[in-house]
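A.B. asks: The structure that follows is given in the form of structure tokens.
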Amino acid sequence: MGSYPGLGEIAGRRVLVRSDLNVPLDGSTITDDGRIRASVPTIRALAQAGARVVVTAHLGRPKGAPDPAYSLGPVAQRLGELLEAPVAFATDTVGDSARSTVEGLADGQVAVLENVRFNAGETSKDDAERGAFADELAALADAFVSDGFGVVHRKQASVYDVAQRLPHAMGALVAAEIEVLRRLTETPERPYVVVLGGSKVSDKLGVIDNLLGKADKLLIGGGMVFTFLKAQGHEVGRSLLEEDQVPTCVEYLRRAAESGVEILLPSDIVVDTEFPSGDARPDPIVVPASNIPASSLGLDIGPDSAAAFAGALEGARTVFWNGPMGVFEVPEFAGGTRAVAEALTKIDGLSVVGGGDSAAAVRTLGFEESAFGHISTGGGASLEYLEGKELPGVKVLED
Ligand SMILES: Nc1ncnc2c1ncn2[C@@H]1O[C@H](COP(=O)(O)OP(=O)(O)OP(=O)(O)O)[C@@H](O)[C@H]1O
Ligand SMILES: O=C(O)[C@H](O)COP(=O)(O)O
């Protein structure tokens, strides 16, 4: 007989686990299985305690209806390989296949339900529609474990509403992620340096507001750079730019100067005349950040900036990094991301890499996970936590 923290005796009971199995795919090939591996310990602990484990998760952003391109089939198969045990796969989420798959589980066995976002109720803004879908999910189980840290910032049926309908507990992954982020927000050892990049510029600008009062230095790279350069009065050619956020960046630069927080922007940029795609060969050149040609777009921070960013990270005792410094998927534009990753491996203190793409970047560039203090499975979720926002999927577990 076995038990699970927060749920008590679970042998023979059906336990629904919300995991974040949203991994990058190339066709049906998983290019980085980090999130699946991170989900294994909780699933294994439940199975070993004799629960009948029913995993629910999303993949990508399908539009509330089945779409084979987003099937969790390959993910279920990979989970079975990692668990070294058969994993049953239901071809729907709450329909006949799900019900019979769950009924067929013996104690200690695991099933994965098809992509929960194939159902419009999952992401509906309408409480009743979401609730009705959560009722169907809850009917498949006797208890619920919330372990998908990457989605706890989403008020969605499988994250939020289902927890209101079943005895519930926080999974080990969510607990571990929150513990690390709590250290970052409550008692960061100084100097505390934050590195921000990536392409979801407006998603990430909010965090700067909160960090200006907390971090000692902010290093800005990736697609974020160009809105800041514009705010400094430079032209950015055809680079990623969120024009309506320029005044916000002006304000951040002003507040940083006032409060003595250093915002470090790149001094040089790797540009090309086209965004890399297909067979077209990249033709990168390095230009001063203040002189980006009108016909070019910035795709990485330049070598001087990479060295300056690495230098600014030296001696830091706490580092949080979210978002690649450039289009790291293409080797010609991976230099900045590689330099920052390298600098993080030398941190004597706590280094946290947050975000699906950032975590995938360090792994695909060949760094050992153990070289970093913590690799978070959550991008948006960890940023919202750092912004001081309430995470619905965590709050609901406390109610
Ligand atoms: N200068 C740039 N121009 C355009 N895209 C860029 C630039 N620099 C980086 N990127 C792209 O940003 C993407 C990652 O950004 P994103 O904000 O999604 O990161 P993340 O927070 O780690 O991921 P997630 O939000 O999925 O957890 C990469 O695919 C990279 O190619
Ligand atoms: O990739 C992520 O950040 C999580 O899986 C959440 O996905 P979402 O942004 O589509 O909700």
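Including glycine, each Cβ sits where the backbone N, Cα and C put it.
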A.B. asks: Hey, TrEMBL has ATP bound by G298, E329, G355, G356, D357, S358. Any idea which of K155, K204, K214 it lists too?
C.D. replies: K204
A.B. asks: Kindly point out which candidate in R44, R99, R130, R154 is recorded by TrEMBL as part of the substrate site with D20, L21, N22, R35, H58, L59, G60, R61, R117.
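C.D. replies: As annotated by TrEMBL, D20, L21, N22, R35, H58, L59, G60, R61, R117 share the substrate site with R154, chosen from R44, R99, R130, R154.
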A.B. asks: I need the neighbours of the substrate site defined by D20, L21, N22, R35, H58, L59, G60, R61, R117, R154. Which other residues of that chain put their C-beta within 8 angstroms of the C-beta centroid, in sequence order?
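C.D. replies: In sequence order, the nearby non-listed residues are A57, N115, G150, V151.
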A.B. asks: Using CB atoms and a 10 A radius, I'd like the single residue among the binding-site residues D20, E329, D357 with the highest neighbour count.
C.D. replies: D20
A.B. asks: List nothing but the one residue from N22, S358 whose Cβ has the fewest other Cβ atoms within 10 Å; the candidates are the binding-site residues.
C.D. replies: N22
A.B. asks: Of N22, H58, G60, R117, which binding-site residues come within 10 Å of G356 (ATP binding site), going by C-alpha to C-alpha distance?
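C.D. replies: If one measures from the Cα of G356 (ATP binding site), the binding-site residues that come within 10 Å are N22.
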